[in-house]
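K.L.:
Okay, handing you the structure first.
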């Protein structure tokens, strides 16, 4: 890519080898906009079992849960014992589950690096290379944290490194590092001289895999080409050149260990794979069985109305993100009145770059599998509110700058601390001892200052000639297209008086990983802006006309509005500034019902903690506890995010509306009957399903190896450069989710590491056709990165499980084949 | 209407809430200690009471003050950790660690017998090293603990040398006994004892060049770091205050403290400029702040040093406990709010505000009213107020009233609050042998003053950023010990 041009063929060969080798390391997004991606994305072209063992060799991470995790799942009935026996027999094991788990456990013991050895191990040359590199990478990739940033950054990483290296006495003055060539490619070539070119790629792989955190971040940054990359460019080649030069200076042999000739997947992993498979099947069978039964029971009903549409239009329709947390709030919203809820990707289908009012930076408000196509900025409409907000912002900024300048100057920092110390003492006590009051204080200040959505509207109208690479705003056709796509994917045929697009965002304090709790479909950003954009589009009279032309009969009295679901406190804030008076009554009732739903949802999600000091579950105690968690700086588990995710149901809501899925399933609305040619289904399989699989894989790998693929415990986190977190003093970046997002406590997993089970409600032939056209998706399924089961409404609601190469196995009618399943605790009726 | 109250559950997750019994009890005890300390403080203020077990323990003003402060920090850290450390495999160990540490500090500040004092000093160090290595399954945490332990053993050894020398010279077995006969000390004895005390204090307070252990200590759980930066590093200043009669007996030692302190104050701040990790920045800042505190002792203002310890503790504990708040999305070229010039009228206001700040400080604290080392401290306050005023006046986006009025309105009361704290501390410490011993101004003091002014100008103009060599040197000097750096994340083990 950015390799400097030389005339030699070698340069091209090196460039290609670098590109290929870099796929071994998963992309890492800056922690301020955390993207829940599969850390093993580069291995997805291999079968799951091979991929995890290859990744274990390169990155040192586990691929399967530990024996203890399986044992607990078995004891709790989460792995169905009969199903497990069946699976083990099928795979040719004669020993019983206990014996196999013992075998797994003893193998784990020998795999562990011996503790005593690790601490006293001599400081190897390879580690010195890593340490010097992490020092310079953290300096170069810093996004505005250090007061004095690395010199010459604008020249790019390699040149900046070359310049500081001559002053760095930690780098031995010998070898390549002592006399770095001007071109990084030349440096790489000269380091590779002793090695035959068929080894290059494996050399590169091993080098990139040595610091997967920083490498993943710089790889992503180079691909992404954002503002920081434009200002201070870094390339894989530049990084590799610096790395190889250091390896040369420290005398490290580059030859990677030969790939072992043994079996691709070792015997213990095969055992673990069998247990995992049985665990997944236990969850999936229960889910599929229920969905299939419901499909049969509701056969003949049309539309998405839970009550068959007998009462006419619903009071309101609310569209939520497919996020697993929406499942909980949707259940409770539906229980409060005649509301229809739907699931749709939380960026509401508009791939845009969004710039908030007065923001320095714009964000990509769409899943990372898409590139933004439009630029939308907030445009202030109310001058009074704007002025009051600006005054407040300016005063805060000035105070912040004054404090910063006093803190950073050695002649003033000391007296500043003495003058301000007492104030910090009070804050210390308040935030620690009265976190719930701090929440009230924050809300009061928030309410006093007008929020952006109160005086701005998203600039969705096309503006020609605006600067920037992307077109600003959308044309009429584009607007109609996005609006129509939404209703087509969800299979809508009817519109209520109120239609609410509900984005979501989390609210937490003292949490570097807060963006991991925001909307995954918006690339780790709040979903409110996307909801507002789609609402603004749909309210456009031109768009309504366009929708009618495409067969969506939107009544004149339908009003679209946006909202944001606070996933931490379960509050839903309606952005209702533009709702006409004619709908005031509808709005008022909706608001009251949302409050009631919030109380119930918060009580459910907070669990016993919310009941402790109140008369009973539900009510204000749950809400209060949730608010406390949102504002408490000492809270490491403000909410569970998407932990627990295991399923993805694509179909009309009535298939799941009678179920309590406990926030474990992604839900996408879809009606096969309104999608005869399968275009909507294809869009769902290639878009949302891939994104949910990424999210699921991130949770899976962060759970099975929290050190290699996760971020470790929050209590020893040390945020660095606004881009990531260290564990402790420094070194490589930690990449995935923190321990507290996955584990209830040190011994108890909250998240269950299962690969995603997708359940589709559609004719199986239609799905086969779509998979035949989309190799990438079929490849994921063939390689077992997720599973797919189709409940076919045209074939007696039978379930078909995807096997491989577009083949399906019809599931036996569940109740007959395995009577035990229905009575396991996990699916017990109560 | 839908509304079945019980729905079929598919794959319910486990719900758990566990609370450790030990942590609850210890938190309750920590706050009880705070309540007791406050009661003792009130008794002392109202009745002038003091308690002692002759020859072993003496509860004086310093003791009571530090009991109150330390138990407050300890209570905060206990309460914070109840949620923060919840579910950790090390929860119980951690609580036992911070609670024992609290007890060790409380015993240290009450100890009068030399052996007891030394044992508390040693225990405090060993407990803190243990807290740094709380996550003992993690090799880098164990390595960091061992780096810290080596430093603390060295400081304990130096303290031992100092105490033995003093004991042999004075034959006193208590701190108060030594203080009483400090006048008779001189020659090599004083130099050895005083030098060892100064070095022990420098190690404990992580002054340059002994800052390595502090910058390698981020393997400690965040609340332990808060306790370390608000409590543990203060021990250097407390040591010097306790042995003030010895240290002040030799002008050379006082000058050495000023120079070592100033070097650390400036060095720490410079080290901080190049750090990009939040906790590393905070660590460097502590190195600087402790340097300043040592300067205050070297100038003879022990009450000022103790006040600084307390107020810095609030400040730094807050910043550690909120370390996770500090991740933000930024643009490479920030749109700075528009800065205008100050203009003549503005310059006059800035100058007047600065002088008013200095004057308020001098009048309320008495520092800087006579021609001695106190002038230096009043100078710092003047410069700080002036700097703040300048920063505000240049904010052209603000209203005129805010630009000119905000700083005097905020800074003068802040200085008054500080003065109040200082006076309260001075009052409490009044019974100590030496609380305030302003030294004569020497050329060296002038030099230190000039060095700070030069640093002020250098930072304001950014001139130092021209040296790439300096950048590399600073970055390298702030690196944690090699064996405490986690380059292979798979080695991390939370258990």
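In case you wondered, yes, glycine gets a Cβ from its N, Cα and C as well.
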K.L.:
Looking at A:105-126, A:127-148, A:149-170, I want to know which stretch TrEMBL calls region 'Disordered'.
P.N.:
A:105-126
K.L.:
Quick one: which of A:332, A:504, A:513 does TrEMBL put in the Zn(2+) site with A:321, A:323, A:519?
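P.N.:
Record source TrEMBL; matching candidate: A:504.
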K.L.:
Pick from A:576-600, A:601-625, A:626-650: which stretch is listed in TrEMBL under region 'Disordered'?
P.N.:
A:601-625
K.L.:
Could you tell me which of the ranges A:789-809, A:810-830 is annotated in TrEMBL as region 'Disordered'?
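P.N.:
Going through A:789-809, A:810-830 one by one, TrEMBL flags A:810-830 as region 'Disordered'.
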K.L.:
If you draw a 10 Å sphere on the Cβ of residue A:321 (Zn(2+) binding site), how many other Cβ atoms land inside?
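P.N.:
A count of 30.
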K.L.:
Under 8 Å between C-beta atoms and at least six apart in sequence, can you list the same-chain neighbours of residue A:504 (Zn(2+) binding site), or say none if there are none?
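P.N.:
Long-range Cβ contacts: A:320, A:321, A:323, A:325, A:326, A:346, A:518, A:519, A:526, A:527, A:564, A:565, A:566, A:567.
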K.L.:
Near the Zn(2+) site, what residues other than A:321, A:323, A:504, A:519 in the same chain have a C-beta no further than 8 Å from the centroid of the listed C-beta atoms?
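P.N.:
My list of surrounding residues reads A:320, A:322, A:325, A:326, A:346, A:503, A:505, A:518, A:520, A:521, A:522, A:527, A:565, A:567.
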K.L.:
Hey, what's the Cβ neighbour count for residue A:519 (Zn(2+) binding site) at 10 Å?
P.N.:
29
